[in-house]
Amino acid sequence: MGEKQRKLLVLYASQTGNALDAAERIGREAERRGLPASVVSTDEFDTSSLPHHEEAVVFVVSTTGQGDSPDSFKAFWRFLLQRNLGNYWLQQVRYAVFGLGDSGYQKYNFVAKKLDKRLSDLGATTIIEKGLGDDQHPSGYEGTLDPWMLSLWRTLYQINPKYFPKGPDVKIPQDEVIDKPKYRILFHKQEKLEPKLLSDSDIIQRARGMSPGKLFKDKSKPDCFLKMTRNEVLTKAESTKDVRHFEFQFVSSTIEYEVGDVVELLPSQNSSVVDAFIERCGLDPESFITVGPRETENSSFSEEMITQIPIKLKTFVELTMDVTSASPRRYFFEIMSFYATAEHEKERLQYFASPEGRDDLYNYNQKERRSILEVLEDFPSVQIPFDWLVQLVPPLKPRAFSISSSPLAHPAAVHLTVSIVSWITPYKRTRKGLCSSWLASLAPEQEVNIPVWFHKGSLPAPSQSLPLILVGPGTGCAPFRGFIAERAVQAQSSPVAPVMFFFGCRNKDTDFLYRDFWESHAREGGMLSEGKGGGFYTAFSRDQPKKVYVQHKIREMSKRVWDLLCDGAAVYVAGSSTKMPCDVMSAFEDIVSEETGGGSKEVASRWLKALEKTGRYNVEAWS
């Protein structure tokens, strides 16, 4: 009796969709080599069954923020941490880990690294060294994924040739196989639809509830709507940046929030671009559709689609498909090649989708930040069916911002501090951030209701008795404006702990965000006054020949910082995710080392890690 067919299990944990894309690509590449593969999210997998997967298991996990794991990974990870599992629980399992992260962050690919160690501790055997995809790589995470996959296939073949009966490098040609789209679109005759009066919230919930993937499963319906009441430029005309102060009021319902919370806004797409996309795809914007997973051998979703209320196609595109700003992923070009009728377009698309064309695709697509519409216009012979477009067009994602107001100081209002994103591509094309440029274009008198979701960020609201050391260069000052405003209100009726704040920007005269606010609180008797035990310290990096940053100012105030830490202060850091968080941490390590009598950096690092574990060192960084 012959040996049973080998299989590959690919488990992924994704927050933004990149890990899902990578996992599906691994699954597709395995099947093209004759190895059946199942691709499953960690939150849909029975973790207790993992020891029974004696064949190969590949884990694809992303790391977000400062070493945070995706929401879909948390329950899976808690299960693996159970002490009763023992060192031999996974002794039959062979595994490989591929991580997606950004080396600009201090805890680069932290989730993949800790998963790899835990699997090994539980007795599993690694197939190959873990792969670490890096957003900073010229080709993104795929720059690491391509050679890592090649090594994976060849190592599996060495372990057991049954994995690839024809060899690890023999693939079914791309032009001979095409997957079925995962989603099915039903078009409805308008005359058969019953008219329903729906609120904006219901329409958004309906559209995003049909949207592919698990990215929106817990937040299809907005928490509420906001209306802009103020749009103020904070930077001077001479500045190289455009930073705005926005104020909003609640529409119909009010949501309670705390300082340090984050609000996500769903931006509006340019209606003319949406119309052009729909026309380019040969679709009727007024048609009504329902969207649902395609039926498979093991499951039927027809009942789910029957219970859905149809939605207008244009509304669905506007609310769920980012056709105006996001660049398509590599798989989009592969599917395009199947539908190209012009031979030269087909060849170009196949090249872009191949490992050999990866760098050229990156230069054409990601570096230029080409939109879906621009790519489709560059290949006019391609006519992709709408079910494929629903699957492949990047989802329209809410954009997250740190709230810069306090509910105590600014009742029934939400304030945001937003840098308006704009850049020039290598081919000298001006590109703008979708959400920030849209917000900048709004006038307070416009009746635009913005759908929003509130949630906790990485900066927990501090009690008024907790001393604070705040570090917020640039727009990193946003959450701390709320912190200071709230503590100033609290101080009117009861004692509050002191606050030190370190702010930085390029130029004092052009980029000093909220200057009057900070300086008023730094005066005698103010929340940031040294007389109250606090302080306000500024670093203007370009105002002198030698650049000065917040970490330099922190070191200058070494004694006062240490005294406040000894009094139980918590450190809060917010701002750019590039070098700043690491440089600030290094400054605190120097202070701890110096003030404790010249101890080593390693001892200081452990001391600060203890602060992190007890919630006294918090970082919120963004790219």
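Numbering starts at 1 and runs along the chain as displayed.
Backbone N, Cα and C define each Cβ position, glycine as well.
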Among D509, D583, D590 - the residue Swiss-Prot places in the same NADP(+) site as T475, S541, R542, K547, V548, Y549, V550, Q551: D583
FMN binding, same site as S14, Q15, T16, G17, N18, A19, S62, T63, T64, G65 - Swiss-Prot member from D116, D121, D135: D135
Per Swiss-Prot, R369, R399, A400, F401, S402, G433, L434, C435, S436 bind FAD; matching candidate in W148, W153, W622: W622
Cβ neighbour count (within 10 Å, all chains shown) around S402 (FAD binding site): 28
Minimum Cα separation from D583 (NADP(+) binding site), reported as the residue among binding-site residues S14, T16, S402, L434 that achieves it: S402
Nearest recorded site to T16 (FMN binding site) by CA-CA distance, among binding-site residues R369, A400, S436, V548: A400
Spatial separation of L434 (FAD binding site) from S62 (FMN binding site) - C-alpha basis, Å: 24
Taking residues S14, Q15, T16, G17, N18, A19, S62, T63, T64, G65, D135, which bind FMN in the record, the widest Cα spacing (Å, whole number): 15
Averaged pLDDT score, the domain 'Flavodoxin-like' (8-153): 92
